[in-house]
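Asks: Pasting a structure below so you can have a look.
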Amino acid sequence: MSTNSINGATDHESFTLPLITSHRSLANSTSQVAIVGANVCPIESLDYEIAENDFFKQDWRTSRKIQIFQYVFMKWSLCFLVGIIVSLIGFFNNLAVENIAGVKFVVTSNMMLLHRYGMAFLVFSVSNLVLTLFASIITAFVAPAAAGSGIPEVKAYLNGVDAPGILSLRTFVVKIIGSISAVSSSLLIGKAGPMVHTGACIASLLGQGGSKKYRLTGKWLRFFKNDRDRRDLVTCGSAAGIAAAFRAPVGGVLFALEEMASWWRSSLLWRAFFTTAVVAIVLRALIDFCLSGKCGLFGKGGLIMFDVYSANVTYHLIDVPPVILLGVTGGILGSLYNFLLDKVLRIYNLVNEKGTVYRILLACSISIFTSCLLFGLPWLASCQPCPADASEACPTIGRSGNYKKFQCEPGYYNDLASLIFNTNDDAIKNLFSRNTDAEFQYSSILIFFITCFFLSIFSYGIVAPAGLFVPVIVTGASYGRFIGMIFSSKSSLNHGLYAVLGAASFLGGSMRMTVSLCVIILELTNNLLLLPLIMLVLLVSKTVADAFNCNIYDLIMKAKGFPYLETHAEPYMRQLTVADVVTGPLQLFHGIEKVGNIVHVLQTTRHNGFPVIDEPPLSDCQVLYGLILRAHLIELLKKKIFSSSPVPMGPDALEQFSAGDFAKRGSGNGDKIEDIQITEEEMEMFLDLHPFTNASPYTVVETMSLAKARMLFREVGLRHLLVIPKISSRSPVVGILTRHDFMPEHILSLHPLLFRSRWKRLRIRLPQLFKFL
């Protein structure tokens, strides 16, 4: 093992480098654009452990009841603000997309009514290109971390991975503007994933404890200057993002619990539920405002597909086989979708690693290709006569609806254009709509499914904010409706219901969630009678897909090189002890250390934590006193509370510090050792580290299994885990375990025989698996 894991967690020198590159470097990727060739940069870890040093204990003892009240009050107040802001942004995102895209489709349709098809295509393709170009330019040059869904980044953050820029103010602004522009450009991407990222950004910015740059330094804000409280607030923000995207408050809480958060407790559940409840109430009020017709082409303000299938559902035992078939189909297609998307992202990386211009050119190429498909494919479908019992005007002219006229004569409609030449939300509504069993042809649904399946894969990796939820729902709904058309004569379920179940199956097969997806779909369709069928199709699809690969967000995190710790440990970790991955030499500090030694270590290393030991005459023998953080050492050097002789620090010296001095900085860069000027005379002085050293760090004995230590590391949310010897006569500390040491790539590189035995077991199991399938 390299020295970095011993000397205190240089997380940026992690072994978990992006797997999409052909060679490894000492840097790591931080944003979705890393997949498509962005410059890589260091990744740090978050530290959820409270540093219980003497200074912290003294500060806590002096806290009054009013300060405890302030802390609790600010927790709930910030959750309330997160809910308000996320709901407003979610509503106006939908409002902007529907109006921008709606104007584009209305102008294009009006030209087609005049039979000016060439000019209509030109307006349609150029407007799409301009919107895509704008989104890609601001993303590439202003905030590369805003590209992609953002869910993998937030999920990694909640696991303890702190990639620079993923929750910054720039990322927040570009995520909103870029998502509106990209989704309006008719790319087959969604806005649900970016809403999760947006909610996390809002929570992180509010939880930074104020800002010296913008003169927001209220005393009440200082309580959140730590990773633990920010993590909880970001969890609430991610739940609010899903609630705002789908108007599914309970689904948002369960999504954060099932997919996002690596650490959960009952009080966090209450605050997440409160945040999503605020989102639901605000959205309800805003949508009521749209009922007056003041929202333009947004109509009555229905978010995505809410309430499109509110009807009594009856089903029988004969309907179960088609539903199971939907689940199996969704599992196979979902795993194939994940596999192809991973391969496409790797190919995009080879193209875009040449520079920013190539990333933007790739985005523009995808936009032009998409425009040609969306405008050209409806010409392959034949015009259908309008049904006599249509529930709305047929053909649809000048607005969204089920019966797009496109190139057809009066009294006829183009069923493929109703799906493909439309916004994604309107396409979902058309697929989910009831009493439309005779609306679509087999060929149109099949063409639409193939187009959505591959176009969503090619569209995701571009340098622009892009979500996966809506494309997966559209794709799943299309093949679900197709299967419903096949079994229509033998089933009592209508085609719209099959589309709902198809969307659920593809979501389960690609994203591998069950409980949260089930509740989200129920809240979207507003029909509790669908619960047994949705549960069945999700269970089958996830079970089938898990036999092939992992969920899409885990694949993206792996490709980006995020050192994400999974819930379960690999079996071979039980064969190893922590001593098998810890080697020397070990860098230590003494309880009273020479200033020159501290400066030298900080300048020559980038480690973030250091063991502190005491030796005679301060103690009877050499003992481990605790662990001190790099940021705390830099703060001590800034204050220059030095002594000319190695003596303990007096109580007067402690009064020169406040709790804010040792608080976690915001999204800006913290202080660096290079910025501190130390004279030659000061280099010869001494600094007492005892009052600022965490005297009760988590430790494990060197004979503990690696799997057990990994479980402790992940569940507690540690950044450093000290390894102590089993025999007391040795050095009081053997080394430090960091996130790097638990990564499978690192472990297998140290013990290649484990890799061979792992591959041997896999070769034995693969034939058995295929035989079972």
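Note that Cβ sites are derived from N, Cα and C of the backbone, with glycine treated the same way.
Okay, these came from TrEMBL:
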type	residues	note
TRANSMEM	73-97	transmembrane segment
TRANSMEM	117-143	transmembrane segment
TRANSMEM	233-256	transmembrane segment
TRANSMEM	268-286	transmembrane segment
TRANSMEM	298-317	transmembrane segment
TRANSMEM	323-340	transmembrane segment
TRANSMEM	360-381	transmembrane segment
TRANSMEM	445-475	transmembrane segment
TRANSMEM	496-522	transmembrane segment
TRANSMEM	528-548	transmembrane segment
DOMAIN	692-753	domain 'CBS'
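Context for these features, please: burial, neighbours, distances.
Replies: Remote same-chain partners of the transmembrane segment (233-256), defined as residues 6 or more beyond its termini with a Cβ less than 8 Å from a stretch Cβ, comprise 78-79, 82-83, 86-87, 89-91, 154, 157-158, 167, 191-192, 195-204, 206-207, 224, 268-269, 271-273, 275-280, 283, 303-304, 306, 469, 513, 515-517, 519-520, 522-524.
Residues 33, 35-36, 132, 135-136, 139-140, 144, 146-151, 174-175, 178-179, 181-182, 187-195, 197, 245, 304, 333, 337, 340-341, 344-345, 348, 352, 359-360, 362-363, 366, 369-370, 373, 377, 380-381, 416, 419-420, 424-425, 427-428, 431, 481-482, 485, 503, 506-507, 510-511, 552 of the same chain, all 6+ positions outside the transmembrane segment (445-475), place their C-beta atoms under 8 angstroms from a C-beta of that stretch.
Residues 242, 246, 248, 250-252, 254-255, 257-259, 309, 313, 322-323, 326-327, 329-335, 337-338, 428, 431-436, 468-469, 472-485, 487, 528, 530-531, 533-535, 537-542, 544-546, 550-553 of the same chain sit 6 or more residues outside the transmembrane segment (496-522) yet have a Cβ under 8 Å from a Cβ within it.
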Asks: When each of 73-97, 117-143, 360-381, 528-548 is checked against the transmembrane segment (323-340) for Cβ pairs under 8 Å, which one has the most?
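Replies: Most Cβ pairs under 8 Å with the transmembrane segment (323-340) come from 528-548.
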Asks: DSSP-wise, what's the residue breakdown of the domain 'CBS' (692-753) into helix, strand and coil?
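Replies: Per DSSP, the residues of the domain 'CBS' (692-753) fall into 25 helix, 12 strand, 25 coil.
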Asks: So if I exclude everything within five residues of the ends of the transmembrane segment (360-381), which remaining residues of that chain have a CB under 8 angstroms from its CBs? That is, six or more out.
Replies: 36, 120-121, 124-125, 128-129, 131-133, 135-137, 140, 185-188, 348, 351-352, 404, 406-407, 414-417, 420-421, 441, 443-444, 447, 451, 455, 458-459, 462-464
Asks: Report, as numbers and ranges, which residues of the same chain sit near the transmembrane segment (73-97): CB under 8 Å and 6 or more residues beyond its ends.
Replies: 176, 179-180, 183-184, 191, 195, 198-199, 202-203, 206-207, 220-221, 223-224, 229, 232-233, 236-237, 240-241, 243-245, 271, 274-280, 282-283, 286-287, 295-296, 298, 301, 303-304, 423, 425
